[in-house]
Amino acid sequence: MDWFYVKGILILSGINLLAVLGLSLLTGFTGLFSFGHAGFMAIGAYVTASMSIKFGLPFIPSLMIGAMGAALVSLFIGRWTLNLKGDYFCIATLGFGEAIRLILDNVQYFGGARGWPGIPLYTNLTNVLILNIIGVVILVNLIRSRHGRNMKAIREEELASQIIGINVFKYKMTSLAISAAYAGVAGGLLAHYTGFIQPKMFQLIKSTELTIIVIFGGLGSISGSIIGAIVLTSLPEILRAFAKWRLVIYGMAVIFIMITRPQGLMGGYEITYGNIKKLVSRIFSIFNTKKTLGGDKQ
Amino acid sequence: MATFLQQVINGLSIGSVYALMAVGYSLVYSIMNFSNFAHGGVIMIGAYLGFFAMTLIELPFIIAFALAAVGAAMVAVVLERVAYRPLRNRNAPFLYFIISAMGASIFLENIVIATIGPNFRTYPRVFSATPYTIGSISIGRLDLTMFWVSAFSLAVLIFIIEKTKTGMAIRATAYSGRASVLMGVNTDRIIFIVFGLGGLLAGIAGVLFGMKYTVYPQIGFITMKSFIAAVFGGLGSLPGAVIGSVLLGTIETLTAGYISSQYRDLISFVLLILILIFRPRGLMGKVTEDKA
């Protein structure tokens, strides 16, 4: 295992993590489920790549334009589909994601289904890391703000939050747009990491993968999403020895998590300084009580 | 006019197979209120069972058909037992069911790739290639078989749902799960039957599709179409699923015939989004209201 290989996995985890952070805001904190985030990633990837190739813009501005492109499309989609209840919004995003892929398949300007090679390789571990840190900081601050609390209120009880005066539709739109922007940046990074993009890379299975990571990490937990992205992106690499069996194991693992630990790895908790201190003191208190109780059976 | 009629006939034969799969979705949705994305995997298993029954064991066509249907039904029932029942016992929200279904479909697809291989396989020819011709319209023998086998299976299904006591229990559970439990309906048994019926039809659809095109591990993706059809007709409604499927099949063949076959899938997904925007309950779906 040389450093180059490990670095590749880390960069891919970082790219996935950005998309997952966005999805975590939408799914974990606003309670909306999307199976179309690969579509937003595709928009981000294609817009960013065309900015840097066809218009010759530097990396960061083109990433930002890619993010804005994804956010704008999401506002358009959200305007029409966010009124739908539960399952139906999910299906609408699924249809949207597939439609984006099929449109890109037919746009010859971007190479169509054959893909688009020759994208400059700007992405490296440093800028992925920096963007992830910025992403986490923005997300944590957003969630702790008044707006974040409103989103959580919508997740818990939509009708009640509407009654106390929260503009449910506006907050859902905001959440969707921010999460699409994150996915757009992730797509742009991916395009400039692999140097080649193809509509096939943004299939439904990619959206599913992102949702699975969010749920694996635990809904409503950013640290869970971070751990989930790193573990689940590197898991197929670790399982590479099993070759074609690895996706079989992956599928079984997903079902297993769903039926045994549906609250995910972190179960809504965060790794913060305060929580670690609490956990440590609780562990010590267990030791202490054991000492005082001695062999007492209760 | 003749080409138009020809396209409509092709659409009907494809649409009727979509209907076989779409009723599987709709049945499960009507009882359990979630979209069973693992249905595609069941269809794929049916297609492979039929293929191996006809090539390896060289069973006659009809028996291979029955074997595929029963095998697919068994897979569907086992899937329900393993992946959904623990969730159901816990009253998990619908998303967990969907994720579990996605996991199951990844599992089924890849276990076939790992054991049988990712190759495309072609069914042995059962029907002669010479079509029936009526005037200037020709109907392939296979297309005709697809149509009547699907129509017959759907007729049997609708008879079971509408006329038998079990069917009444299924309808009651779909209407109100809690009330039907209070009336002494065994929900576990109903769900077992629903998955079994859906699996039988999925197996039949898998064999028909395999014969029309080829068999490959990703064949389950075709169920995306039948899923769109189920939404089109209204999730949870059987007649809706059938009508939606036939309409979707016709729209697809017309698109392929008059615009371009490249846009066929795109049109289907755009149609899905448009339906969800303008009439989310589909043509004849039940009205869902958010009860707080």
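Note that Cβ sites are derived from N, Cα and C of the backbone, with glycine treated the same way.
Whatever TrEMBL says is automated annotation, not expert-curated.
Copied over from TrEMBL:
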TRANSMEM  A:9-35  transmembrane segment
TRANSMEM  A:55-76  transmembrane segment
TRANSMEM  A:88-104  transmembrane segment
TRANSMEM  A:124-143  transmembrane segment
TRANSMEM  A:176-198  transmembrane segment
TRANSMEM  A:210-235  transmembrane segment
TRANSMEM  A:247-264  transmembrane segment
CB contact flag for the transmembrane segment (A:124-143) and the transmembrane segment (A:9-35), at least three pairs under 8 A: yes
Non-local residues, at least 6 beyond the ends, that sit with Cβ under 8 Å of the transmembrane segment (A:176-198): 11-12, 14-16, 18-19, 21-23, 25-26, 32, 34, 37, 40-49, 52, 59, 62-63, 66-71, 73-75, 77-78, 82, 111, 113-123, 127-128, 131, 135, 142
Maximum Cβ pairs under 8 Å to the transmembrane segment (A:88-104) - stretch from the list A:9-35, A:55-76, A:210-235, A:247-264: A:9-35
Per Cβ pairs under 8 Å, the stretch of A:55-76, A:210-235, A:247-264 packing most closely against the transmembrane segment (A:9-35): A:210-235
